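Going by TrEMBL, these are the annotated features:
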DOMAIN    A:60-266  domain 'ABC transmembrane type-1'
DOMAIN    A:339-534  domain 'ABC transmembrane type-1'
TRANSMEM  A:21-42  transmembrane segment
TRANSMEM  A:62-82  transmembrane segment
TRANSMEM  A:103-121  transmembrane segment
TRANSMEM  A:141-164  transmembrane segment
TRANSMEM  A:200-225  transmembrane segment
TRANSMEM  A:245-266  transmembrane segment
TRANSMEM  A:301-322  transmembrane segment
TRANSMEM  A:342-363  transmembrane segment
TRANSMEM  A:384-403  transmembrane segment
TRANSMEM  A:409-429  transmembrane segment
TRANSMEM  A:467-489  transmembrane segment
TRANSMEM  A:509-533  transmembrane segment
Amino acid sequence: MVPGSNTPPFTHRGWRIWPGTALSLCLYGLGMGGLGALLWQAPAIDIQSLWSSAYLRGVLRFTLWQAAISVLLSLAIAIPVARALDRHRNFPGRAALLRVMELSLVLPTIVAVSGLVAIYGRQGWVTPFFDWLLPSQGWNLYGLNGVVLAHVFFNAPLASRILLQALENTPDSQRKVASQLGLGSLWLWRTLDWPAIQGILPGLAGLIFTLCFTSFAIVMTLGGGPSATTLEVAIYQALRFEFDFGRAALLALVQLIICSAVWLILVRGKTDSALMPAQAAMNSLPPRPDSRGLYRLMDGILLPVFSAFLLLPLVAIAIRGLPGLSDTLLSGQGLVPATVRSLAIALPAGLLAVLTAMMILMIPTARGLGKLAKLGDMAAHLPLIIPALVLGTGLFLLIRPSLGVSSEGLVLVSLINAIMALPFILHLLRSPLNGLDYASVRLADQLGIRGWYRWRWMHWPRMRKPLALAMAYGTALSLGDFGVIALFGTPAQPTLPVLLYQQLGSYQVSAAAGTGLWLILLLLINFSVFNLIGRSSRSRGLPDA
Amino acid sequence: MPFRSTLLLCAALLWTTSAMATDQLTIYTHPSFAADWGPGPAIKEAFEEQCDCAVNLIALESGGDILQRLRLEGESSPADIVLGLDTGTMETARQTGLLAAHETALDRLNLPIEWTDPLFVPYDWGYFAFVYNTDQLPEPPTSLEALINAPDDLKIIIQDPRTSTPGLGLLLWMRHVYGDKAPEKWAQLKGKILTTTKSWSDGYFSLFMNGEAPMILSYSTSPAYHMAIDKTEQYQAVRFDEGHYLQVEVAALVASSKNKALGRQFLQFMLTRDFQRHIPLKNVMYPATDIGTELPDVFGKLIQPGKTLYFDPATVADNRRSWLNEWLDAMTR
């Protein structure tokens, strides 16, 4: 590797190191403070119980097993889909498919699960087909099947979306050469695609692993019974029903250790991704050589099947939600104020998350600072690994006298939502930010283009799109959030997800289905608007990415 | 300018939460109670008319969360009243020592059991029951025993006793009927359980109303809502011969409250008609007092359990953990 080949934007070293490092340290402080407060309040900590309990061993085994399968399957689907989408940049409906892919991760669990059940459940649309495929035992959603299916539904599209972004950053010149040489699919994979994604793949696997490892409501609803229990469930139980702070903190610690270990193993030795030079893709390329013939046919099957996999549950949700939505819109049952309230929390949260992620990503990776950069990366993942409930309870113990349940509460909710969105945003921004090619950076150095100018003319054209996508994710994750806001308690006026849960809790099934659909539409609008913002005037009208 | 007025309205909504009125009565409760269509707003209005105070409802996720929040805040809690605990969480709440005596006359109560507790005032009650879809299951099993012995193609949805109130209710129900034999019976029931959801809502919304299984663990009063509001008789509760387990929902005064007199006034108000008349259809439970003709007609069509099953809250608190472990063993073997 050439030293300095990934010089990040603001070129003054101090500016690049300190804000990000300070923020990372804050995150560590927050995480350790939360855990520490619980441990400190716990009367007695029974470490022995960890090893001696057959129940906990079973929980741990299941948690690891389902997470590992979910990661493998998600990536096994995400990679071919991303390649197929990279091969075909102009087919009709591609932009819509991308929006739907962005959507799946941020769907509120209960709504997504009801959609999945409508398709794959006992009365599901495709269940007869599966039963026909498996005549001996028949298809059963409830169990490991359902858990993994739901996890793939949530995570494969996210992975595919991030991988596609990396594939599209392959420089045009290389694509042209490959096209002239008439390389086959295997060779393209070895020379262009694999180098483009190998840097981000381990981090992505770590992200999905963590998401599945800490999964909760999905595992319980679709798992079939208590033999499908994740560590997160045990933590919830300890905190909410047994008020056993010590046990909760201990279990959270176990979760922290396992997830960080997996994460460290995966990203070992890789301080950075996207080392290749890249330019803003102009999309005026000749088609990839492997977009014809047999591959065209295979993609012609893969992409529609994948689209159906994503779309069918959404269609089911829409059909179920339409009557309720029209009723609520007509009666004006608080849907609009709840929407405004949700946006007032989500937009600042998105912005904050993007700014924080940028500062952490700017910590230089070269010249012995690789460890620091890794530390920052780790910090950004803490909110995923430490259960929100543990973090929230611990922080509550620390700051309890000063915490109000009014407007300050909402500011806090926004802040925590921003922190929760951080890991996703980090993955979205990493490769575009660090992927500026060496020659351009050298040239800029020689010409003395630094600071704001460097940002405006070199990074902004490349970052505009990823930043918009990151903003969209940050906002969307917080729009769909129920956990954080429920943790702090809401004054009677609800946000959209709270409204949804209120309706669910009081038999208003049709209204709840309507609110769920409204939330999905809002998320779609959110992604579309940010996508429009992300398209620079130059690339407007060109194929979408 | 509709847009501008909407904005102003929303800004106002966001701000009212921090606005200070004369005397504030802060009540911790759960989301469905505080919802626009729940009993909360009507009750708030009725009480504010007679108390010269402002009622501030704070919704927390569940009864467990109310208790948790109270424990975390301890002496510095801004809450005056906690409303939404039940017979399953009562004892733990009592042991925190954070609650004060209600000093309310309980003679108006109309519960299936005698109630003399000095700390907790009941505001509604109901029986746990299995609700079934009459279209899918014309002849449901009519006893717990029959359900346990039913063929495995009859599927039911239950909730997890580790995370859900009705889930814990079924655990206690089974224990009450079968005593030490409960784990065996659970093992027999296992084949019928389609899935065990985290909360009542997850099961009711995602699965039961999607037609995934014909029976779900719920309340004997659930059909009242479907009959009165949805105007359908499709969902009915089934009466079990062994009797039904009772849940009583309670409120209590917080010991650190600076408005104890006002708090006690609210607890007394809770047992008057102005409060109780909102319970049947807005909280879908039985009112804690006799409200005579104000009880909606659909409540007359609900099942009448032959026997009320009930463990003393102290017994529940003492045994919950070991009963849960038995259940886990039986279900994961």
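Each residue, glycine too, has its Cβ placed from N, Cα and C.
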When counting Cβ pairs under 8 Å to the transmembrane segment (A:141-164), the leader among A:21-42, A:62-82, A:200-225:
A:62-82
Sequence-distant contacts of the transmembrane segment (A:62-82), meaning Cβ under 8 Å and at least 6 residues beyond its ends, amount to 144, 147-148, 151-152, 155-157, 159-161, 163-164, 167, 197, 201, 204-205, 208-209, 212-213, 215, 219, 227-231, 258, 302-303, 306
Residue numbers, six or more beyond the limits of the transmembrane segment (A:301-322), whose CB comes under 8 Å of its CB atoms
77, 80-81, 84-85, 88, 91, 93, 97, 100-101, 103-104, 111-112, 114-116, 118-119, 125-126, 153, 157, 513-518, 520
Beyond the flanks of the transmembrane segment (A:245-266) by at least 6 residues, Cβ under 8 Å:
35, 38-39, 41-47, 49-50, 56, 60, 64, 202-203, 205-206, 209-210, 213-214, 231-232, 234-235, 238-239, 378, 381, 384-387, 389-390, 393-394
Cβ under 8 Å, sequence separation of at least 6 from the ends of the transmembrane segment (A:200-225): give me the contacting residues as numbers and ranges.
63-64, 66-68, 70-71, 74-75, 109-110, 113, 116, 141-144, 146-147, 149-151, 154-155, 158-159, 162-163, 166, 231-233, 236, 255, 258-259, 262-263, 266-267, 270, 273-274, 377, 381, 384-385, 387, 423-424, 427, 430-431
Near the transmembrane segment (A:509-533), which residues from the same chain, at least 6 beyond its ends, have a CB less than 8 A from one of its CBs?
95, 99, 102-103, 106-108, 110-111, 114, 314, 317-318, 320-329, 333, 335, 339, 342, 468-469, 471-472, 475-476, 479-480, 496-497, 499-500, 503, 544
Output the single range from A:21-42, A:342-363, A:409-429, A:467-489 maximising the number of Cβ pairs under 8 Å to the transmembrane segment (A:103-121).
A:467-489
